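Step one of this worksheet: look at the structure below.
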Amino acid sequence: MEQQNQKNTGPPIYDISQGGHYGASAALSAQGYVPHTELYSGLWSNINQGLTGPSREILATYWQQTINHLETDTHDFKIHQLPLARIKKVMKADPEVKMISAEAPILFAKGCDIFITELTMRAWIHAEDNKRRTLQRSDIAAALAKSDMFDFLIDIVPREDSAGHGSGAKRPNTSGQGAAQVSQQQPQQQMAPPDYGMPQHPSMGPPDQQYGRAQMYPGHMGGDGQQDPNQGYGQPPQMFGGNDMYNPYTQGQFGGGAQQVG
């Protein structure tokens with residue numbers, strides 16, 4: 001009986017084969033293996049930042065298992081999970097760096113692993129809170145906005161995308177302006193057609209007061225109000241002339257065309 005009790009009170013098994021790190025952390029937190037919240041204070045306070053309830057416990061359990069893995073497991077310094085040439089290329093940006101220690105590639109690889117895993121777990125928590133089983137870009141943006149340690153990604157995912165379920169939440173509604181413009185154009189479209197030189201009816205007023213003299217398309221009328229023969233009736237005005245439109249294959253416009261970046 002004592003041996004069975006010792007087996008039951010043994011260290012919990014962190015099995016990532018059942019749903020990855022999120023599933024393993026959720027299983028341990030459901031069994032009560034949740035670290036004390038007092039441990040995550042000060043510099044560690046951002047681990048649970050922006051989370052409440054079971055989600056907070058799941059992420060705390062993941063971090064505790066990650067710390068245990070780093071402190072207890074042995075690492076083979078000859079196996080590089082990240083290419084060493086890429087690390088050397090980044091290190092060359094600092095002229096004071098001369099050599100790379102053996103544990104540097106291990107720390108870089110583990111740091112990338114923790115960063116990607118935690119961000120994915122936070123995004124998945126947001127997706128589950130919204131009753132979805134598909135991870136979307138808005139979930140990642142919302143996960144970045146809930147923790148201060150992701151502020152360095154503000155240039156990649158702006159704040160207007162992180163609020164709500166996408167960038168459409170912050171876009172101004174221009175439908176009212178478009179409806180107002182359409183309502184202003186309708187009285188002009190209902191006017192009588194312009195005068196084509198036909199004899200005036202004696203009961204009608206002066207030519208300047210006739211509806212037919214209203215310039216529906218002022219861009220196509222000359223100084224006397226007659227239509228330009230080069231333009232068809234009812235055609236909208238052109239923003240650019242026939243020969244002034246931008247051609248990306250014509251030299252002399254905007255620096256002589258595209259150039260290959262060296």
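Note that Cβ sites are derived from N, Cα and C of the backbone, with glycine treated the same way.
Quick look at what TrEMBL annotates:
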- 74-144: domain 'Core Histone H2A/H2B/H3' (DOMAIN)
- 162-262: region 'Disordered' (REGION)
- 177-194: compositional bias 'Low complexity' (COMPBIAS)
- 253-262: compositional bias 'Gly residues' (COMPBIAS)
Counts by DSSP class (helix H/G/I, strand E/B, coil) across the domain 'Core Histone H2A/H2B/H3' (74-144): 42 helix, 0 strand, 29 coil
Average pLDDT across the domain 'Core Histone H2A/H2B/H3' (74-144), rounded to a whole number: 85
